[in-house]
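Down below is the structure, laid out as structure tokens.
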């Protein structure tokens, strides 16, 4: 059964830990993420971007896939199925299809338009008991074609968006999607603390891959309650595929090394291992 993330983030905020949000890209990803969460007894947010949703052939595939895996793997922990960086229309479609949570990314819009669409979306989400994450200040890097420069969120705008009472707030705090460049300035900790105090909302750290562990832990102590991970899982997956191919295992005809199930076994385990590392970094182990 899918749940919204309202209660899990409220508990995380009180307990000063975070909930891992892991983007999935296919069947192996979904299975690995749910396996890790169940193994660690951790609540989990299974997330899909619009691009991944299209790649996986849409809502009619993704929702039954996740629900089916929850049942077949006997997953006992709370699971949220979340649309990541959705447009207004995509969020409505996701809610109608059965997602238990959506993130409306209106950060690239004029603030008034972002505010008004956010307000309408929250009203719609309440009808299906779904959670809503909103964004103020564009996150750096690229996410499904949307490019942000890593700007810092306007505190007054954060306060206004918080008045809508979303379940989580993603604010630009110097974070970047993808691999962090060597000249990255780092997270703006004073801004995280300020936004947390004035909004009293669970805050979200997008672009969580590649940030120093101590910095992530400090951010969590200041109010980050949801850590978004994608790139690190992709890198771990690709690394294991490269190892398999470069060792010529795919050319072993006697052992049927060309079997995709054998090719994907270690890469899938690498996602499980990465998720377990992030669960421990977040402090969500045994918090289900």
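Any Cβ shown, glycine's included, is placed from N, Cα and C.
Other Cβ atoms within 10 Å of the Cβ of residue 49 (D-glyceraldehyde 3-phosphate binding site), summed over all protein chains shown, number 21. The D-glyceraldehyde 3-phosphate binding site annotation in Swiss-Prot covers 49 and rests on similarity to another entry.
If you look up Swiss-Prot, you'll see 84 marked as active site, proton donor. In this structure, residue 84 (active site, proton donor) is part of a beta strand by DSSP.
Annotation comment: Swiss-Prot describes 85, 177, 206 as Zn(2+) 1 binding site, evidence class similarity to another entry.
Residues or ranges marked as Zn(2+) 2 binding site by Swiss-Prot: 105, 135. Taken residue by residue with DSSP, residue 105 (Zn(2+) 2 binding site) is part of neither helix nor strand, so it is coil.
Swiss-Prot lists 178, 207, 208, 209, 228, 229, 230, 231 with the feature dihydroxyacetone phosphate binding site, giving similarity to another entry as the kind of evidence.
In three-state terms derived from DSSP, residue 207 (dihydroxyacetone phosphate binding site) belongs to neither a helical nor a strand segment and is classed as coil.
For the binding-site residues listed here (228, 230, 231), the lowest count of other CB atoms within 10 A around the CB belongs to 231. In the shown protein chains, 29 other C-beta atoms lie within 10 A of the C-beta of residue 206 (Zn(2+) 1 binding site). The separation of residue 85 (Zn(2+) 1 binding site) from residue 228 (dihydroxyacetone phosphate binding site), Cα to Cα, is 11 Å. The CA atom of residue 231 (dihydroxyacetone phosphate binding site) is located 11 Å away from the CA atom of residue 206 (Zn(2+) 1 binding site).
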